[in-house]
Amino acid sequence: MSYKFGKLAINKSELCLANVLQAGQSFRWIWDEKLNQYSTTMKIGQQEKYSVVILRQDEENEILEFVAVGDCGNQDALKTHLMKYFRLDVSLKHLFDNVWIPSDKAFAKLSPQGIRILAQEPWETLISFICSSNNNISRITRMCNSLCSNFGNLITTIDGVAYHSFPTSEELTSRATEAKLRELGFGYRAKYIIETARKLVNDKAEANITSDTTYLQSICKDAQYEDVREHLMSYNGVGPKVADCVCLMGLHMDGIVPVDVHVSRIAKRDYQISANKNHLKELRTKYNALPISRKKINLELDHIRLMLFKKWGSYAGWAQGVLFSKEIGGTSGSTTTGTIKKRKWDMIKETEAIVTKQMKLKVELSDLHIKEAKID
């Protein structure tokens, strides 16, 4: 099928689709290996209807090409939407040269690789990162696509690939059940997804708001970060890391650093960050008035978040994104063939698990031979 693509001039160092679309932020972009292009469904601008958006990058001529399949208005509307989605108002070169390198020598060894934080739908971000709990990118990708294909609405089919909308909270509560989600492989996350969807439906009704995204954006109005995080953690299955991912990638709080096992490792290994008793006491006092935070927050990890913000400044979340990608390697996510390629870190851990299993087997066989020798 032939489409007329719009064009946007952008240097690969400022935006590299391969380093952004399937690297642990968004989980529904599909890579077409034959056509060298990405596709997904998204709402364009203020529209409530989903359109299929196709992107490809002409790296040699530094051009981003784009087209929408469906009723999204015009090409200018899509271009404006993509500039907001990719946060192209923020210059990575400026952040490297004027913010990060002067304050962190580690960035002097790096250069902009087009890794930036996306401006995503907060509702989809919330559910996606509930799926991320104790999970890897490949499985999160499968889960997010499963939610759409089973409980979203079919938008269209292109070259045999079916494209669906991301289900709203109402659609999840009316179409999904915990049992069905468990059957689809969501495990204990099934309960969290259903209960979060139900709570959001009730929260919207109380606030007289119909849109999931509009409601989640409304909790930021005149609110401090700690209060927004407290509210997000009131949803079942949402801890500090998931809440911080929603704040950073869904609510555009650029200074927030979600601290997971990878970021914690970077902080301790490369920056020697650790919390002493006084640090923990101060944080404990700080959260006295926030009962959910007091219960859910790991104070040592929260100290890491604060120290990294102090080091990297108002775009600390972006700096974390750069080092996170460097740490784990890329991923190729969903493809039009139906396969989901794995990132470097997943392959390393799987190899380690195989080696450990082989070593354990050798030990068991060795023990068995010793026992047999004793019997003889």
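Any Cβ shown, glycine's included, is placed from N, Cα and C.
Taken from Swiss-Prot, the feature DNA binding site covers ASN134, ARG139, ARG189, HIS262, and the record attributes it to similarity to another entry. If you draw a 10 Å sphere around the CB of HIS262 (DNA binding site), it holds 16 other CB atoms from the protein chains shown. In the three-state DSSP assignment, the secondary structure recorded for HIS262 (DNA binding site) is helix.
Residues or ranges marked as active site, schiff-base intermediate with DNA by Swiss-Prot: LYS241. According to DSSP, LYS241 (active site, schiff-base intermediate with DNA) is assigned to a helical segment.
Look at Swiss-Prot and you will find PRO258, ASP260, GLN320, PHE324 tagged as 8-oxoguanine binding site, backed by similarity to another entry. Same-chain residues at least 6 positions away in sequence with a Cβ under 8 Å from that of ASP260 (8-oxoguanine binding site) are, in sequence order, LYS241.
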If you rank the recorded positions ARG189, LYS241 by how many other Cβ atoms lie within 10 Å of their Cβ, the lowest count goes to LYS241
On a C-alpha basis, identify the one among ASN134, ARG139, ARG189 that is nearest to PRO258 (8-oxoguanine binding site); the candidates are the binding-site residues. ASN134
Excluding PRO258, ASP260, GLN320, PHE324 themselves, which residues in that chain have a Cβ inside 8 Å of the centre of the Cβ atoms defining the 8-oxoguanine site? LYS241, CYS245, VAL257, VAL259, HIS262, VAL263, GLY321
If you pair up every Cα among ASN134, ARG139, ARG189, HIS262, the residues annotated as binding DNA, what's the maximum separation in angstrom, rounded to an integer? 21
